[in-house]
Amino acid sequence: MTRRQHMEAQSNTSSILAPDFLLICFPNYQTWQHWLSLPLSLLFLLAMGANATLLITIRMEASLHEPMYYLLSLLSLLDIVLCLTVIPKVLAIFWFDNKSIGFSSCFLQMFVMNSFLTMESCTFMVMAYDRYVAICKPLQYPSIITDQFVVRAAIFVAARNGILTMPIPILSSQLRYCARIIRNCICTNMSVSKLSCDDITFNKLYQFVIGWTLLGSDLILIVLSYSFILKAVLRIKAEGAVAKALSTCGSHFILILFFSTVLLVLVITNLARERIPPDVPILLNILHHLIPPALNPIVYGVRTREIKQGIRNLLRRRL
């Protein structure tokens, strides 16, 4: 074999091993994708605008330079990255019929979705601990929840979830693929790996165990934190103190409840794939990357007096 033939053979082998994938959104209802793109675009703009406003407000307002708001900034950053990883590609499919996604890009998207989803859950857990200390140990709060605590918590959130979810796309990328048409709008692990010619039992098992371990442990710690908070609040005898204590946790609890509910619905619909149209889990998966990021800053902005005042101050300076 000549050098040229050898190089052509290598090129052909590479194209077989790492072809582009094709994302087929809503296989049964492709005709109404253009109509769906309008509300998705509005939600995307709302999520980006609301989170950017919240981040700028916390950055510019000295009164918001506190650990609780730094944690909220971390949540907003995670929301922005998740939105930018998923929604622009979905809209490109709807508007321009740009269904192709590169082999590496697909697995990068898979990694970001898996890791940042669990990072959000872990951030909610840290925020629950912050509220637990604020209500159950108010005198020790300034010495426990410090700026250094927030930095260490952010490193823990990124390291734990990034390291433990990284094997998911790595395992999938090592498979041999017999097909390249993904019946989904995004590169979820199961949608991609089921196209493989290889056995994906270990791949599915690892995602199941890691997913439930990370999300489950976070949920248990969140429930424990709020159980202690509720127990402490019920002991308070001062008039109006109970309402004030619960109001400090209200926004956080609403976000956790919404995040968990949407995630639970998504899990149930995926488990019941045989009984529901295949397009329903696809739509719910997209909405899970849009609705919580859009609502998180709005809920905090509406319910938190300090943030509302910060936004007003920011607007006055700009106008």
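Each residue, glycine too, has its Cβ placed from N, Cα and C.
Automatic prediction, not curation, is the source of TrEMBL annotations.
Taken from TrEMBL, the feature domain 'G-protein coupled receptors family 1 profile' covers 50-300.
The feature transmembrane segment is assigned by TrEMBL to 35-57 (among others).
As annotated by TrEMBL, transmembrane segment applies to 69-95 (among others). Long-range contacts of the transmembrane segment (69-95) within its own chain (CB-CB distance under 8 A, at least 6 residues past either end) are made by residues 23, 25, 33-34, 36-37, 40-41, 44, 47-48, 51-52, 54-55, 58-59, 101, 109, 112-113, 116-117, 119-120, 123-124, 126-127, 130, 147, 150, 153-154, 157, 185-186, 286, 289-290, 292-293, 296-297, 300, 306-307.
Annotated transmembrane segment per TrEMBL: 107-129 (among others), in sequence order.
Per TrEMBL, transmembrane segment is recorded for 149-170 (among others).
Marked as transmembrane segment by TrEMBL: 205-229 (among others). Proximity of distant same-chain residues to the transmembrane segment (205-229), defined by a Cβ-Cβ separation under 8 Å and at least 6 residues beyond the stretch ends, is recorded for 114, 118, 121-122, 124-125, 128-129, 131-132, 135-136, 160-161, 164-165, 167-168, 171, 189-190, 245, 249, 253, 256, 260, 263.
Among the features that TrEMBL reports, transmembrane segment is placed at 241-268 (among others).
If you look up TrEMBL, you'll see 280-302 (among others) marked as transmembrane segment.
Beyond the transmembrane segment (149-170), the same-chain residues lying 6 or more positions past its ends with a Cβ under 8 Å from any Cβ of the stretch are 67, 70-71, 74, 107-108, 110-111, 114-116, 118-119, 122-123, 126, 189, 203, 206-207, 210, 214.
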